[in-house]
Amino acid sequence: MNNLLIQIKFAWHNLKKKPSFVSSVIITMGLTLGALLCVLTLAYVILFKPLPYPDAERLFRVDSTVNVEQRKPLEGLYSYPGLMGLYQRQDVFSTSAVVINSNDVESSLAHTPAMKVSFAMPEFFPMMGARYAIGRGFEQTEAIDSFNPVTVISYKTWKNEFDLRQDILSQSVTFSGVTYRIIGVLAESFAEPAISYIGYESDAWLTWDYNFRRDLRDNWAALISGYILVGKLQPSISHQQAEQKLSMLLNETWQQNTTSHPHFKNSQTSVTLTSLKDIILSDSQSMIYLLLIGIVGLVVIACANVTNLFMSRTAEKKQQLAIFAALGAKKSHLFTTLFAESLLLMSLSIMLAMGIALGGFELIHRFFTAIFPRVTELSLNGFMLIAAIVIALSLAFIFARISSNMINYRALNTALQSGGKGTQVQVSKRVRQILIVSQVAIATVLILVNTSLFREAAITMTQPLGFNTENSYSLGLSYSGRPRPPAEQVQPIINELINQLAEQPEVQMATQSNPPFNAREDATFTLVGHEDPIVTSANMIGNDYFSLLEQPLLQGREFTKTDLQAKAQVVVINAELAAQISAINPNTEVLNSQIYFGKIPITIIGIVQNAQLPWHKTVQGKFNLPMREGSTGFLIKLHPKQHLSRERIGELLKKIDPKWTVWDYVNLHDLHLQYLFPQIIMASTTGALALLTLLLAAVGLYGILSYSTQMRKTEIATRLAIGAKRNAIFKLMVKDNVGAISLGIILGIIILLGLFIGFSEVLQEYLSYYLILMFAITLAMISIVALGAAYLPLRQYFSKPISTLLRGE
Amino acid sequence: MDNIKISMKNICKVFETDELETHALDQINLSITQGDYVAISGPSGCGKSTLLSLMGLLDEASSGEYLLDGIDVTKLSLDHAAELRNQKIGFIFQSFNLIDEMTVFDNIALPLSYHNKPPSKQAITERVNQCLALVGLSNRSQHKPNQLSGGQQQRVAIARALVANPSILLVDEPTGNLDSKTGDQIMEVLAQLNEQGTTICMVTHDPRYAAMAKSRINLLDGKIS
C-alpha cells in the first residue's frame, strides 16, 4: 500500500509533464463515464431502487373494466357510485384511497396561475409515507362527506407562489370558487407516485368532497376515466384473491344498479390489480435498456481509445521501465508503477464523470420528467458512489494489465544497450487490429441506429403541418365557482369575449374553437349501406377556423356562425377521409353526402386539404364538427408583429364576468413545439450520440493509426528514400488497415442483424429502404473518418526531410 | 560533360532552430562522373551524411546549384524528387533498412513498384533474380530479412539499390553495423560493382575503406578540405 502511494506520487510527477496525454484520457473517459454513471443511476433508480413508500410491494392500483355484450371492453372507467362503493366496502386492503387529478386556476393570487390539483382522501398521505415541511396531511375530519375545504400544497408551490413564507398555514388558495385553508406543505423530498402518468406532480392536494365529478355521485351510467383507487393489500390476501373479491364486489353493485339501463344490458365489471412498481415503471424499462446499450457502446469505444493511449504511453516509457528492471524491479513492481498511473488517471476521470453525471441529472429533471418515472429521486447516492469507485478501479486495473502485458520482461534489460530500438515494449499488430475492428463495429452499430432514429424524429419535426401557426394563439377559460353555469348561459359570455377580442387593434381574427392539435383519435361513424364503422380522428372547431389557420378548402365551405348557432348537423372532412369514403362508395359524390353518428345523419359540407399532426407518421383521415354551445376554447390570430398579453385578455374577461379567468393562453407555434417535444428529445439525444460516437471513433482510429505509423517510421522513410510518392504511402496505410475496418463493418452488420432478429417486433417499423440509405451514409462517415485517420499521422512525415526520418528523429 | 552524374556548385546547408543557426555544409563544389567511386570521409559531425542526403534528394540545400544526371534538381516538388530518387539513385544504408514483413525478393522488387509505369511481373522477376545473383543470394529470395545475417542483409540492400539501374549508388557507412570480416566482403562487392561500371559515392569514417575508393573528398566543419 505504501509502495502504491509512493508510486502514485511518482505517477503524478510524471504525468504533469504529459498534459496532452492526461487531458486526452481524462476528457474521453470523463465524458463517457459521466454519461454511463448518469444512465446507470437512472436505471438503478427506475429498475432496482425500492419505492420510497412504506410496504411498497403491497401497494396496488385497482383498474376496472366494463364488459358490454358485443362491444369493445371499456377499460379504466368507473361509475362514481360504483367506485365509492368499492372504496367503502372492500376488505382486501388495510388502507385505501381514491385520487383524481385535475387542472384549475388559482384565483386568489394576483397572477391567477394555472395549477395541477389532485383531490384525495385522507388515507393517501400516510399510505405514501408523506412527510411535511410544515403542518400536516388530511385527517379524518377531512374525510369523505366532511365538506371541510382544506389543502396540502407541494413544496414547489410553497416556494414558487408563497416565497416559503413561514405563516403559510394562515393562508388559503381558491379553486373554482372554493377557498381551501392551507393545512400543510409536503416535504421537499416527497416523491409523488406516478399513479396516473409519468411526470405528474400535483401543485395542491384538495379534500375529496370538492372533486369536480361529485355531481355524478348517483349516476351509474356515466362511466368516466381518471379515478385512481390505490390500496395496501392485507398481508394475508394474495393478489389473485384480491382481484376476485373486488371484482365480485364491484360487479354485484353494478348489476343491481344497471340492469334496467339499455346501454349496459348483460354487462359485467371486473377489476385488475397492478402493483405500484409496475405502474410507475410503465414501459420505460426497454427505453432504459436501449439507452444503457447505447452508452455502454460509447464507453467501449472510449476504452478502446484509451487502451491505445495507454499502450503508446507504455511504449514511450520503455527506457524508464528498463532502468527499474535493471535496478531490480520485478514484473509485479512494474505493474504497480503502471497501475499507479492508470489509477490516478481513472480517479481524475471519474471525478469529472461525477460532475458530468450531476449535470446530466439536472438535464433529466428539466427535460425528461414526462419520459422517465422517478426522476425527482435522481441525486448523488450510494449506488452512484459505489458504481464510480468500482468502475474507476476496474478500468485502472484493466488498463494497467493491458499495458504490462506489452512488456517483454526478459528483453527489457537489453533496451538499455540498444539505445531505444527493439521489441522490448511493443503493441502487437494483432492488438491494434482488434482495437480497430471493435471500434469500427460498435461505431457502425451506434451510428446506424442513431442516425435512423434521428431521421425518424427529424422527419416528424420538419414535416409541414398543412396550416399556418404564425401569430395564432389558443385560449382556454376557467370558471371560478360551483356549479359551472349551463352552456346556454355561457355562450353569451363567449360571444361577448369574441366581439371584444375582435375590437382589439392587435387582433386580426378570433373564433370559438379548439386548437388544431385537439383530436380525438377513436371517433367512429358509418356510411349508408355499410355497417362497419370507420375509425378516424375528430375535432370540434368554430366558424372561420380554416381561414384563420390558412388551411386551404378544396371543396364546399367551412362552418359559419349560423351553423354553430343552429347546431347544424354538418361536418368538414379532410381530403384523406374523403378518399377513404370514395374508395368505399365510389359512385357517390363525397361532398354533400351523409355520414352517420349512431343514427344521426350528418352532411359533409366541405373538404379541406390534409393537415399533418405531429404525433402521426402519415396523414390520417379527420373530420371536424361544429363547436358545441358553451365550449370555452378560442383561436385568436393577431396581426403580424403584434402582441396581446394574457393579462389583457384577463381584464377583458373580468369586465364581462369576473367569475371567468384565463386558463391557458399559448402560441400555436409553441404548442406545436410542445407536441414535438418527444421528437426533439429523440433527435437531440440520437444526434448527440451519433456525433459523439463518430468523434470518439475518429479520435480512436487516429490514435491507433498514428501509433502504427510511428512504429513504421523507418519503413516509411525507407520507402520514401527509394522513390515512393506520398500517394503510394497513403495507399499503403489504407491498404494495411482496410481489412480490419471492413471486418469491423461486417461485425457491425452482424450485430445489427442480431438486433433486428432479436427485437424484430419492436424494430419492424424502422425497416425500410431508407435503412439502406442510412447504412450508406454510415459507411461513408466511417470511411471518411478512417481515411482521415490514415492520412493525418502521415502528414508530419511528408513535411520533414526524409534524411531526418531515416535518422529516427 | 555527358559523363557528369553529380555536379554541385556552392552548395550550403543551414539548420535553423529558434536559438541557433548551424552551418552543416558551406560552399561545397564537387562533381562525380560516370564510373567514379568517390569516398566522402571526415570526422563525426563534419557534414558527410548531410551531403549524402542532399545528393540523394532526401533533403534540400539552403543555397547553391545541384545537377543530377544533367537535371537541375535544386528545387523540386516532393513527388518529382521521389520520381528522380526512384529512377536515378540507389541507396545503401548503414542499418540496411529492409522491411522485415517482406521477403528478400519483395524487398528488392520494391523500387520497381514505385516506377511511374511498373514493369511486367516477368520483367520484375528477371531483374530481381539478376540482382540477387549479382550479390550472391539467389538461394535466399524467399527468406525474410530477419532470417539472414547482417552481411547478407546488406547484400540484399545493395541488390535493392541496383534493381532500378540507378545513375549512382549512394552508400552511407555500409559497414557500420557489420563485423570487420563481413565489412570487407561488402566492400569487395562494391568494388566489383564499380569495376562493372556502377558509379558510387560512399560516406565512411573508416580510412581503410575510404582508401578503396578511386577518389576521396575530405570534409571538415562542412567544407571540403
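Glycine is no exception: its Cβ is also placed from the backbone N, Cα and C atoms.
Taken verbatim from TrEMBL:
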type: DOMAIN; residues: A:24-246; note: domain 'MacB-like periplasmic core'
type: DOMAIN; residues: A:294-406; note: domain 'ABC3 transporter permease C-terminal'
type: DOMAIN; residues: A:488-610; note: domain 'MacB-like periplasmic core'
type: DOMAIN; residues: A:688-800; note: domain 'ABC3 transporter permease C-terminal'
type: TRANSMEM; residues: A:21-47; note: transmembrane segment
type: TRANSMEM; residues: A:287-311; note: transmembrane segment
type: TRANSMEM; residues: A:332-358; note: transmembrane segment
type: TRANSMEM; residues: A:378-400; note: transmembrane segment
type: TRANSMEM; residues: A:434-454; note: transmembrane segment
type: TRANSMEM; residues: A:680-705; note: transmembrane segment
type: TRANSMEM; residues: A:738-757; note: transmembrane segment
type: TRANSMEM; residues: A:769-792; note: transmembrane segment
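Stretch with the most C-beta contacts under 8 angstroms to the domain 'ABC3 transporter permease C-terminal' (A:294-406), considering only A:24-246, A:488-610, A:688-800: A:24-246. Long-range contacts of the transmembrane segment (A:434-454) within the same chain: residues 294, 297-298, 300-301, 304-305, 307-308, 682-683, 686-687, 689-690, 693-694, 696-697, 700-701, 704, 737, 740-741, 743-745, 747-749, 751-752, 755, 766, 770-771, 774-775, 777-779, 781-782, 786, each at least 6 residues beyond the stretch ends and with a Cβ under 8 Å from a Cβ of the stretch. Using a Cβ-Cβ cut-off under 8 Å and counting only residues 6 or more beyond its ends in the same chain, the transmembrane segment (A:769-792) has close neighbours at 440, 443-444, 447-448, 451-452, 455, 694, 697-698, 701-702, 704-706, 730, 733-734, 737, 741, 745.
Mean pLDDT, taken over the domain 'MacB-like periplasmic core' (A:24-246), works out to 90 on the 0 to 100 scale. Residue counts of the domain 'ABC3 transporter permease C-terminal' (A:294-406) by helix, strand and coil are 96 helix, 0 strand, 17 coil (DSSP-based).
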